[in-house]
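Comments concern the structure below.
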């Protein structure tokens, strides 16, 4: 883009940047070739799928939004199918088009086909036998059928064991009979379920030979493959408008004596034989796979959404001038205010922190999956605990960061055309789906309490909780070390201290006569806090360690900025959790003062590179989809251009004036 068309304030920011922006972009993408591939993919997809003459989606009805989403989703996947044939491309194409970057540029308010790729296909791959995979995967991949995944019910969400949908085996016909025995048993929320999918993986309580064997996955045909009419016994529809994701086509599903063949139960792990005999899974833990895959993907998605929000807010802060702190001087850019830097820079650092943590847990997931295939399940509980708390903390932080960016843009951030409200709707939804955050933190807490008890008994611990062993032996807090390593160690001490207090509290309450369950519930606020502290320690430590490895291969200028971001992020959280550090470490008043100065000085150092850092995320205008955050900085012109697209501006006088206002003003109504 030529310098002449760019807002002069924004251009000056770019001219003053001290590092090579492209070098950082390549690093974030995973190499020069990856950047080239991504840009080519973006060019191709946006050229084919972006239509400029559409009425902005905000002015469409609910029904029109869904119909537009289906049209675009079909065009998108038609294109992927073609790429698959031409280039034998892999799943990364799907990830790009389903995630928070390209996908949300084409389908800003959700995609009705997402669950087909993110849950339906991976569940069949993870839980179907070889024969079942051979039968279903081909049909699903080339979209001759469209699937979704139905677990959550009207009455139960994260508590999976409480699901009420039943699948009862009938040995006479060798079929399962599925039912929703109550209104609360209706499936509620699955994306694409309402009017898009014709097949569904239904999670139901399995009954055979008079006994319940818990939750299992069943493939159920919902609609006729030709007419798309719901089949007999299927009650299906849409759940209504939501805070966001209104193109997703979330649905409800009721089942009344719906019969499916025996081999439509996914049987890689557990089986029901023809005579109704239940054959147990080698480990019930094997079914965690799909959900963990989705949680790790979610962390990457959240990085993309925060990157978008912070790009919009930082660029806008560079062109927005406000107030006159010094008389007779021009109004400063709002990016010069330290309070504005405080709002934005931690968001930039969060993207780097979460991306490195997502990559780190992804590698761990792949290692553990390989071990699971060979029957080694030792690391699975550790990974499950990690994926739970990481999902909870990253999604909560993402929502907080996006909202902070919206507030940092003042009134204009409230405009839908800023794309910040829509982005907030997408990230805040993630705090609930794939496991409600509080429940997930409590699941991590169960693992942490066990780890504490193991350490107390002298047993060795898995790597991510090894620090508990050091603290549980009752050693006194070491002297406070005011360095990044010292702060990370301090967070480990906080986490271990909180876990230890929870264990003590639960034991004390049990001694006073409480049941374990009641003692757990009474301590649950502290338990979620302990899980969050554990996760913070992991995120901070991983961000620091992985960056230390990364900077060995970059230029001196980029290394300086990347390490400044680590400093900022770690010190930000130290100041944010000061009460915990005072309680569980030997930090002093003088140390805190030093941290505050360190933080403010780091903000000042990063100020010159703020725009360069968000430019390095390399998010195109079509993907940002924001009047405030475009590369050229023409925020005011774009706000006016977008305002003129409102249907209310089509005529100078709206008919309601003659119908209601004029008679009312003249006293004739």
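Glycine residues also receive a Cβ, built from the backbone N, Cα and C atoms like all the rest.
A TrEMBL annotation is a machine prediction, not a hand-curated record.
Residues annotated as active site, proton acceptor in TrEMBL: 434. Cβ neighbour count for residue 434 (active site, proton acceptor): 21 (other Cβ atoms within 10 Å of its Cβ, all protein chains included).
For 152, 191, the entry in TrEMBL reads FAD binding site. Residue 191 (FAD binding site): 25 other CB atoms within 10 A of its CB, across all protein chains.
Per-residue pLDDT, averaged over the domain 'Acyl-coenzyme A oxidase N-terminal' (20-146), rounds to 85. According to TrEMBL, the domain 'Acyl-coenzyme A oxidase N-terminal' annotation covers 20-146.
According to TrEMBL, the domain 'Acyl-CoA oxidase/dehydrogenase middle' annotation covers 149-258.
Annotation source TrEMBL lists domain 'Acyl-CoA oxidase C-alpha1' at 288-449.
The domain 'Acyl-CoA oxidase C-terminal' annotation in TrEMBL covers 484-666.
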Below 8 Å Cβ to Cβ and six or more residues apart, same chain only. Which residues does that give for residue 152 (FAD binding site)?
187, 188, 189, 190
Do you know offhand how many angstrom separate residue 191 (FAD binding site) and residue 434 (active site, proton acceptor) by C-alpha?
12
Across the domain 'Acyl-coenzyme A oxidase N-terminal' (20-146), what are the DSSP residue counts per state (helix, strand, coil)?
94 helix, 0 strand, 33 coil
